[in-house]
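Structure record follows, encoded as structure tokens.
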Amino acid sequence: MTARRLGLLALPLLWTAAFVVVPLLLILKISFAEAQLAQPPYTPLFQDGALAASLTNYSLLLEDTLYLRALGNSLLYAGLATICCLVIGLAIARAVTQAPKGWQPFLLTLIILPFWTSFLIRVYAWIALLKPEGLINAALLSSGVIDQPLVLVNTGFGVVLGMTYSYLPFAILPIYASLAGQSPRLTEAAIDLGSTPIRAFWLVTVPLARPGILAAGLMVFIPMAGEFVIPDLLGGSATIMMGQTLWTEFFSNRDWPLASALAVLLTLLLLVPAMTLQRLELGKASR
Amino acid sequence: MNRNRLSSINVAALALGLGFLYLPILLVVVFSFNASKLVTVWGGFSLHWYGVLFSSPAYLEAALHSLQIGAAAATLATLVGTLGALAFTRLGRFPGRQVFAGLMLAPMVLPEVILGVATLLLFVSLDVERGLLTVMLTHATFGAAFVLVIVQAKLVGMDPDLEAAARDLGAGPVKAFLLVTVPALLPALVAGWLLAFTLSLDDVVLASFVNGPGATTLPVRVYSAVRLGVSPEINAISTLLIALVSIFVIAASLLYKRTIVDRH
């Protein structure tokens, strides 16, 4: 039994230690180092047998408005896009549950299908739509609604739209799962007792679906807060988010200790939502 | 009457939602056949950009890298993830189980940039040269978390008496596992492998952190082209990818349907 136990555990345990635990500890270690012009581009943690930890990177993060702005942008855009995903997701998921039973798997497949197409292509599609000479502006200009092209790319609007679009399927699925598990009799009872369908939806259906809605919100918020491709392609210098800042510090400025400190900060910020999500959704099976 | 009004709201929600999801993708496909160099002006039907694409060795090489990395990473991810799922469902409680499960799922829950920086630091401090292998290992770590969730869900729903019955009838533990559990798990294993493969094919962030000079994958290649601006070649390559994935997904769902129909 113990041999079998070890046999099952050995590979996943070693793998997780090597490719998850050690790398995360390395980030933590390097975040206390200082940048230097050498290979590797950071100072060792122990110098001449003494601990040489420095909190410079962390104090820099808190002092420089650049990083705080990136943090604010991340929370703002990810938050707005999460709200959009939840509202649209709730409407679509609800519509799917109301469709004839035989149609529901087909509709869900249609919703997930775009997720299987490359994420990059879907973001790219929006550049072609949103840019000044893009299709949306071309259509609006030729129909005479506007006489100057609207600035849609390189704005917060572009970033929120792009993130909402890319992550929408992830929001629909958990909401659908929690709506589909509800008995339709509950809303029927509310309607029999004099409620309007819309009131019954808000007062009965939505509160009961709260775990699914919360899971959907976290499922989209966490990756969006660290997003770097979408703000890079659809946003401009005004919409720099944490993920992009981390990237720039790491590759352009080659300040690995500062980038590591940023990664630690982002992880700490997302730790509570991430653990909540694990418990709600992913941990379901492991309990 | 109320019912009718509600259903028209639902129809509108579905139509708008699906339109929102599909319209951008459809436009990319349509404009990949555009004869004009301008992305927003229709200049007639042409396969010109596909020709440009297929005569560009850089894209073909990147596509080959993506397929190699994807297949190897998905296979490793399926192995690691499935063993993890078996450990969590079959071994009962063992010390550190929750922490271990949390860490194994961490790549799925944390933003990709963090896993990207973290694994890059690992390879740098071990002095491993960055290339196809480092991308593959990182993708396998990422994919294993997703495989774990899929396989575990299947294992939890499985009747443990099946394997016990096989043991009662004289099968050894390994034989019972291979002849009873593995076939029952097969749909989950295939789904997990396909998901890990697709995630690897799609990934820009992890790959751009851990790849080396000679190991550009297709998304990384497309990403650097997209940053320079919209071009009709990208439309063509996107359309090919969309077609490939659609065939894949349709085949997978047909296969899945057949196994369900066969069982009943």
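The backbone N, Cα and C atoms fix where each Cβ goes, glycine too.
Curation does not apply to TrEMBL; its annotations are automatic.
Annotation comment: TrEMBL describes B:12-31, B:38-60, B:66-88, B:100-126, B:132-155, B:176-196, B:236-256 as transmembrane segment. Per TrEMBL, domain 'ABC transmembrane type-1' is recorded for B:63-252.
The transmembrane segment (B:176-196) is in contact with the transmembrane segment (B:66-88), judged by 3+ CB-CB distances under 8 Å for residue pairs 6 or more apart in sequence. Pairs of Cβ atoms less than 8 Å apart link the transmembrane segment (B:132-155) most often to B:66-88, out of B:12-31, B:38-60, B:66-88, B:236-256.
Remote same-chain partners of the transmembrane segment (B:66-88), defined as residues 6 or more beyond its termini with a Cβ less than 8 Å from a stretch Cβ, comprise 97, 101, 104, 132, 135-137, 139-148, 150-152, 155, 185, 189, 192-194, 196-198, 200-201, 217-219.
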